[in-house]
C-alpha cells in the first residue's frame, strides 16, 4: 500500500506537474528573448463563443430600441450596494465609457474601446479606473439579458452614450461592431515604470529631455488614462498641466477644440469622489481576495458609498446640475475665481473664492445640503491656457455650438478604433462621412480581371517592382485601430508617396505604368496595384515549378487627397520593415523586435511572418534592391532557398556591424552572403527555427509556396471588411 499521508499532511498532490502560477517561466530566465506570444493572442482556445460565432450576424437579432430603453431605465435605478449619485448613474457610465475609449493612442492604434479590454488587467485595476468595476457590474443584468447579441465592448460605449442622452445631450450617433476579447492584451506597451503613478524621473520614466513623452504613450503616468488631475507629478500648475493635456490629447488624435469640448463635456456631468481616506480601500480587482468576486477597492472599514465614496481622491462636482447636460461648466469655470485647497482624501483641487449659495451643487444624498463645486488642475488649464481659454469662451457664448462639437468629439473618441465605416452597424450610424474615418469610395467589382492582368504582364514591370509596390501599399494596415491597408491606394497620395520606406522614385516609376492601365479598364489603382503583386508571385511560383493562382477579390476604391488627413496618416509611416529588410535608422529597439511589432499590427501569426520573410527575400523585394538576406542564386524564383541555406551547417555567421552579418563557407571561409538581424533570428530563435526547418524540408517546397500565397493574400485583403 502506498503512503497517502503526504496528501493529508498538506503537501501538494500535483507535485511539480502543470505550472499554474508559481515557478520561473522561460521569460524569467531569458528576459531578452523574442516574445512571439504577442502573435498568438485571442485564438479559439480562449474564446468561449467558438469559431462559428459571427458577432455581426448576432447583432442583426438585437432589439436596439429595447436595449436603449433598458439602459435609460438603468440610469435612475439606484442599487443599494452601489447607490447612484443624485439618483442617476449618468456620470459613472460616462466615466466608464470615457476611460474605455480614452486609452487609445494614435501612434500605434492600440488601446481604445474596441475590444472590451477594460474588463481585464491591467486596465481593470488602474488607479484611474477605481470603481469602474462597479459600473460594469451594474450593467451585468442587461448584458445577461441580451447575451451574445451585444458585446461588452459595444455595451460599455453605448451605456456612456445613452447616459448623455438621458441627461439631455443630442448625441451624434452610435455604431455597433466592437468584438470582445477574452484575455488581457499582451502586445500593448503601457510604459516601463515599476510603480503606479510614478512621477517623472522615477525608474523607467516615460519622460526625457525637457518633458518629452515617450512614444507611443499618450498618458502622463502609469495607471492614468490621460493627465494627472492634481497637476504635473501631483503639483498644481494649470499652464504646465495644459501642456500635458495638449500632448496627451494630440496623441489621442484630438485637436485643441475637441480637447476643450471633451474636457468640458466630460465634467459637465457627474462628480469626483474623495470624501474619505484611500487607505481604507482594499486591493484593486486583480489583486482582491476570492470572496470579493472580481470587485476591487472595497471599503470594509468605513461606509465607503454615496457621499463617502473614494475614487480619484478629489471631492466634488463641477457644475450646479451634475445630472443635466447644459453649459454650466463654462459658467462655473469662467465666471468665478478659484483657489487651491485639499480634499478630505488629501488631493489637490480648486474651489471658488466666492460663489452664490444657489450656484452650489447639492449633496448626493441630501438635497438640502449645498457644497462647494470643484475644478481639477486640468479644468483650470482650460481657463489659464490662452488657446484653450479662447475656445472655452466661444463655447460659453454658443451652447448649441458646444453641444454639437462635443457630440462629434464624443463620437470620434468612442469610434476612433472601430475602423472604416464599412465596419459600422446599427440604426444610429451617422450618414455623414468624416475624414478621420479614412473614407474610401466603393470600387468596381465586376470587370475582366484576366484582361487587366494580361495588360500588366505585358507592361515590362519586374517581379520585384510589382511585389514591392503591392506590399508597401498593404503593409500600413493596423489591426489595432483598423487603419491603413491597400484599399484606397493612398500610397499614391501625400504623405505616403514621399515616405522613405516607399522608395518614392521607384514608386513613381511603377505608378506611371499601373495608373494608365487602371484608367484604360476603368478600375481602381488600388485593385491594379494588388493584382500586379499577385501576378509577380504567380510568375515566381511558376519559375519554381508550382502552378498557382493567387486569390484576388476586386472591388477596392481609390481615395482622393481631399479624403486624406495627411497629419493623421503620418503615424502610419513605417520606420522599419523587416519584410523588406529595411531600417530607417538604428533604434534602441532591435530590428527583430520591430519586425515582431509590425507583424502583430498586421495580425500575422509567427508561421505567416516566417513564410513571408522567406518568400520576400527570394523574390528580390528588399528595399533598394539590397542583397542582404537574399540567400539564393535564383532571385525571382519563389523557392525555399532562404530556409535551406539559413539552416545549412556548411556556413558560419559573423557580425560585421550593428545590423549586419557575414555568412561564410565553413570549409574555406569564403564569403557567401550577408544578413541582417531579422534574417538570422529565424535561425537563432528556437521557435522561429522550428518553422524555418519545416520550410527548408525537401518535401515542403510546394507547401512553402502555398503557405506564402495564403499569407500574402491575408495581407492584401486585411482591410477588406466588405468581404467579411
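Residue 1 is the first one shown; counting continues down the chain.
Quick reminder: no glycine exception, Cβ is built from N, Cα and C everywhere.
Here Swiss-Prot flags 99 as active site, proton acceptor. Annotation source Swiss-Prot lists heme b binding site at 267. According to Swiss-Prot, the feature site 'Transition state stabilizer' maps to 95.
Of all Cβ atoms in the shown protein chains, 26 besides its own fall within 10 Å of the Cβ of residue 95 (site 'Transition state stabilizer').
Distance between Cα atoms for residue 95 (site 'Transition state stabilizer') and residue 267 (heme b binding site): 9 Å, as a whole number. Around the residue listed as 'active site, proton acceptor', taking its Cβ as the centre, 23 other Cβ atoms fall within 10 Å, counting all chains. There are 25 other CB atoms within 10 A of the CB of residue 267 (heme b binding site), with all protein chains counted.
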